[in-house]
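Peer 1: Here it is: the structure, laid out below.
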Amino acid sequence: MKAGVIAVQGDVAEHAEAVRRAATAHGESAEVVEVRDSGIVPDCDVLLMPGGESTTISRLIHREGIAPEIREHVAAGKPVLATCAGLIVLSRDAKDDRVDALGLVDVSVDRNAFGRQKDSFEAKVPIEGLSEPFHAVFIRAPLIDDVGEGVETLATVDDRPVAVRDGPVLATSFHPELTEDSRVHDLAFFPESEVEA
Ligand code: GLN
């Protein structure tokens with residue numbers, strides 16, 4: 001399986017490791033490519049949109065012509081895992097002129113709004129499709145404040161959605177790539193089978 005990590009900015013190496021681990025657990029190997037230019041995404045089977053700084057990621061994927069290729073990838077029904085800033089970039093509306101959101105996940109988000117009193121926090125979060133809770137790391141996390149009809153909420157914290165699925169895209173406001181546990185990567189790319197943590 002060829003996995004493209006959008007690598008214009010953000011925590012790229014962690015996603016590369018996590019998708020390799022998830023593939024290995026399923027008896028597959030992942031060839032991971034870092035995407036900084038157009039022309040690479042069309043050859044990828046799955047995509048990862050890392051956390052980082054959504055204004056920067058948005059600006060660069062549009063400038064480099066990667067944005068329309070991500071749209072085509074999703075239109076073809078191919079899987080994407082988007083985390084934190086990645087979720088913001090793929091959302092319908094990020095309420096920030098500096099983010100030209102792609103509208104591939106039908107949610108609106110409020111950047112940096114989750115847990116405003118504390119920049120970062122961690123929580124054990126039950127996730128639909130996983131038998132055991134997931135240790136979720138939140139860093140200046142976006143608050144999902146509106147969820148469209150076709151969107152499935154997979155996890156909540158304080159009644160707020162923190163993991164959603166919209167067609168082939170699984171998006172989280174936390175950072176599953178920052179722990180050793182690759183079950184969220186499993187859910188995104190191997191939705192049929194759960195592998196033990
Ligand atoms: N709040 C950041 C943004 O708006 C995202 C933070 C993150 O990815 N950890 O880009």
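Here the Cβ of each residue, glycine as well, is placed from N, Cα and C on the backbone.
Among the features that TrEMBL reports, L-glutamine binding site is placed at Gly52, Glu53, Ser54, Arg111, Ile139, Arg140. Look at TrEMBL and you will find Cys84 tagged as active site, nucleophile. Feature annotation from TrEMBL assigns active site, charge relay system to His175, Glu177.
Help me picture where these features are in the structure shown.
Peer 2: With a 10 A radius on its CB, Arg111 (L-glutamine binding site) counts 21 other CB atoms from all the protein chains.
In the three-state DSSP scheme, Cys84 (active site, nucleophile) falls into the coil class.
Counting every protein chain shown, the number of other Cβ atoms lying within 10 Å of the Cβ of His175 (active site, charge relay system) is 25. Secondary structure at His175 (active site, charge relay system), as computed by DSSP, is coil.
Taking the Cβ of Glu177 (active site, charge relay system) as reference, residues of its chain lying under 8 Å away and at least six apart in sequence are, in sequence order, Asp11, Glu14, His15, Glu17, Ala18, Leu48, Pro50, Gly51, Thr83, His185.
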Peer 1: Taking 8 Å from the centroid of the Cβ atoms of Gly52, Glu53, Ser54, Arg111, Ile139, Arg140 as the cut-off, which other residues in that chain fall inside it around the L-glutamine site?
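Peer 2: Here the nearby residues are Gly51, Cys84, Ala85, Ile88, Asn112, Pro142.
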Peer 1: With the L-glutamine site defined by the record as Gly52, Glu53, Ser54, Arg111, Ile139, Arg140, how many Å span the farthest pair of C-alpha atoms?
Peer 2: 13
Peer 1: Comparing the recorded positions Cys84, Ile139, which residue's C-beta has the most other C-beta atoms within 10 angstroms in this structure?
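Peer 2: Its Cβ has the most other Cβ atoms within 10 Å: Cys84.
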